[in-house]
Each structure stands twice: as C-alpha cells, then as structure tokens.
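Q: Annotated domain 'G-protein coupled receptors family 1 profile' per TrEMBL: 55-313, in sequence order. Look at TrEMBL and you will find 39-62, 74-93, 105-129, 150-172, 211-233, 254-274, 286-308 tagged as transmembrane segment.
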Amino acid sequence: YSTSDIMSWELGHEQHMSNSSSITEFLLLPFADTRELQLLHFALFLGIYLAALLGNGLILSAVACDHRLHTPMYFFLFNLALLDLGCISTTVPKAMANSLWDSRAISYAGCAAQIFFFFFLMSAEYYFLTIMSYDRYVAICKPLHYRTLLGSRACAQMAAAAWGSGVLYALLHTANTFSLPLCRGNTLDQFFCEIPQILKLSCADSYLREIGLLTFSVFVFWGCFLFIVLSYLQIFRAVLRMPSEQGRHKAFSTCLPHLAVVSLFLSTAFFAYLKPPSLSSPSLDLVVAVLQLNKVLSFFYTILTPLVNPLIYSLRNREVREALSKGQVPCTGCIFRSLCL
C-alpha cells in the first residue's frame, strides 16, 4: 500500500470513531405522528403492562406461598414469570414514556442497558423453556426417577445455569455491539433498542466482528431447539403407548401449554431476526413497509408473550386457581422458601 492509501484509511477510521463517540442518544421509531394516536398507544401499552404485572404477579404469589406448588414444574414457572416481568419492564415503560411525552430519544447508556437486559432475559427464558421440556420428559417418560433427576439441588443448579448463561450471553453481545464504530446516524427503526438495529448504523462491514458470536448463538439456539424437539418426540411416543385414555389426556394437558408458549416464542423471534441487518431487497422492503412486519413481530415477542404466558401456563391450572382463591399474598419468607423448593 502507498503512503496516501494508509493516510486515507487512518483518516476515515478516525472519522468513524469520532462519529461513534459523538453519539449521545438514539432516536426510536415512533408509533404515530399525531398526538391523539400517541396517547392511544400510551393507554394501550399501560393496560397491557398492568395486565402482565397482575398476571405474572399472581403466579409468583401463588407459587411462593402455597407449599403444594413447591414442585420442580412450578419452580420453573416461578422463574419464567420473573423473566416475563423483567422482559416487558425492559421495553414497555420507555415506549410508554416516549408516547406520553412526545419523545423519541433514548440515551446511549440507556440503549446499551436495554439491549443487555433484553438479551439477558430473553435468552434466559429460552433456556428455561428448554429445561421445562426436560421436566415434562422426565415426568412422563421416567416418572419413577422424577424426584431423583429433578431434586431440589438439580433444579437449583439448572436454574443458576440458565440465569448465569443469560448474563454471559448478553454481556458478550452488548459489549461487542457497542464497540463497533457507528457512522450511519442514530435513528433506529424499532420502538426499542436491539442489536440488529444498532448493526444497521455501524460502518460498512464492521458488523462482521459480530459473526463469531452470532455463529455461537446459532449453535446454541438450534441445540436447545433440537433438545426440545427430541424431548417431545419421546413424550408423544410414551403418551401414545398409554392404555388409559384419561392418562393420555392428562399427559397432553400438562405438555400442550408449554408447547404453545415455545411455538409462540420461537416463531415470532425467528421471523423477526431472520432478515439480515444489511438486506435491502426492494420487494422485501415493500412488503415490510406495507405490513410493518418487523414491528408486529417485535410486539408479539416482547409484549404479548409475557402477557399471555400466565394465561396459557398457570391461570387455567386447577392447582394455581385453588391457591389464588385462598387470597394468599406474597411474603418475603415464602418467596425465599420457594426459591429453595
């Protein structure tokens, strides 16, 4: 390379770094341009947020304070409810505030924190959904070994591994994403901060540094997915061999809610992140522009999933309904006891 080429590369790199360091905030995608629609979105999100808090809060209270629900299945449901509360609290309050105050801005640090907690909670939830498929597999296929394979210590270790893996996964992706130079403005085409939108703002080909982590993430994703599929194949084989129709119905009734939540979680997240950040096909952009598919799918896996999970999983469960009908309220002691089974 000539001296002029090296100097021009260094100058361009310094300009990219200065553009990245000069960004102090990001602009999120507004839901509407008129004030009336903004207030309508605020009221809608407020209602959904309060309903999610109520539903998941009731699950936490019931599992924590009813000793009959201190079993591995409800222990994992307890953790899932915590993750759902955290997930919806990461994105919705900021979207509500922006709609209420007619603002689009989020600070640089706030965006980084939102991405970290969102990835942490979503990945940990995926790990818990995988663990819960193992719980159903052992309960149906190996019922005599259930207490041995899923004792208090084993459940605590699996839960700790899920939470810890989520933290590590989110920390690696967040640190790597925000180390990229940004040179394409500060406007995000989403109502919350997420990594694909940040990568769109990065300099040309700089997002290739993320390929290593993305490749690892793909292996983890498909590994968990394959584990869930194999678990349910074994479950369905065992259920179909049951001589009693009542036993088959009871077994399916304990598996179908988990299967429904897994399907909703994976399908919305898969299609939302399937499109690469640099893809710019005119025909595909036209479809996205008309249907606003990305926002719709993001709405499903960030907001509706935490809202409907309590309904699908537990509020239709007889044991949970009986616990809630007693009017028990959460207390610190019973919550800590439930965490230790």
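Note that Cβ sites are derived from N, Cα and C of the backbone, with glycine treated the same way.
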Q: Which bits of the chain, at least 6 residues beyond where the transmembrane segment (74-93) starts or stops, bring a Cβ under 8 A of a Cβ in it?
A: 45, 48-49, 52-53, 56-57, 59-60, 63-64, 114, 117-118, 121-122, 124-125, 128-129, 131-132, 135, 155, 159, 162-163, 191-192, 302-303, 305-307, 309-310, 313-314, 338-339, 341
Q: Over the domain 'G-protein coupled receptors family 1 profile' (55-313), work out the mean pLDDT and round it to an integer.
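A: On average, pLDDT over the domain 'G-protein coupled receptors family 1 profile' (55-313) sits at 81.
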Q: So what's near the transmembrane segment (150-172) in sequence-distant terms, Cβ-Cβ under 8 Å and 6+ beyond its ends?
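A: The answer is 72, 75-76, 79, 115-121, 123-124, 127-128, 131, 135, 138, 213, 217, 220, 340-341.
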Q: With the transmembrane segment (254-274) as the reference, which stretch in 39-62, 105-129, 211-233 has the largest tally of C-beta pairs below 8 Å?
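A: Answer is 105-129, with the largest number of Cβ pairs below 8 Å.
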Q: Does the transmembrane segment (105-129) make contact with the transmembrane segment (211-233) through 3 or more Cβ pairs under 8 Å, each pair 6 or more apart in sequence?
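A: Answer yes, regions in contact.
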